[in-house]
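J.: First, the structure itself, so that you have it in front of you.
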Amino acid sequence: MLHNIRIVLVETSHTGNIGSTARAMKTMGLSNLYLVNPLHKPDAQAIALSAGASDIIGNASVVDNLDQALAGCSLVVGTSARSRTLPWPMLEPRECGVKSIQEAAQAPVALLFGRERVGLTNDELQKCHFHVQIPANHEYSSLNLAMAVQILAYEVRVAWLDSQRQDATVQEASVYPVAEDLERFYQHLEQVLSGTGFIRRAHPGLVMNKLRRLFNRARPESQELNILRGMLTSIEHTQKPETPAPDTGHGRPQA
């Protein structure tokens, strides 16, 4: 399960934070590190601060954009240090650990951490099923990147250890769509709603954001998402004007 947990750092500016993150991961048994467009590639400082976890850095996946880091993931959780304009389904760190381990039994899970100064953008957070907020001291809530990773990595490990102690029960596991399938669904949904005039194609605005929040909260399974895609396709077909049958001349009265 733990190998299916991805720690995703977005546009990290200090290489030392990459090293400290690798150390935090390895102490909790995590090994899958993704670096999204880091401002600087891992260097000697990163290796030094990894304190023996240089293998995590050496095996890290360096990608150009967030979609590449989320490819194949059925659950995406983004860290957020502040309240946003559009509320999103929230998890406590402990809930995040439990849900991550439950999902990681079937498919990769991504835990997203943003830039040191400004965190994740709204667009990046909208790609998440849930947000997680660490309940730090309101008077001094300054956690550095590696500290935040350490806290969530610890909760993941606690949940994993609990799962090992529980009696194994055979249950039919739910299969959830991966991130890119959800993105294709949202694109299809926006296209159909624009075609019906429900939203303006040039300015989808908050409507699509709210629909993303709705479906992320509902967590449709893969089969359910296929049904929704089928419904959208059916709507598209009803919008297309029927092509009149070609006139073959049959049935005309003879002169």
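Keep in mind that glycine also has a Cβ here, set from the backbone N, Cα and C atoms.
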J.: Please pick, from Ile101, Ile134, the residue that Swiss-Prot records in the S-adenosyl-L-methionine site together with Thr79, Ser80, Ala81, Gly114, Ser141, Ser142, Leu143.
T.: Ile134
J.: So, in DSSP terms, is Thr79 (S-adenosyl-L-methionine binding site) helix, strand, or coil?
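T.: Its secondary structure by DSSP: strand.
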J.: Determine the most Cβ-crowded residue among the binding-site residues Thr79, Ser80, Ser141, Ser142, using a 10 Å radius around each Cβ and all protein chains in the structure.
T.: Thr79
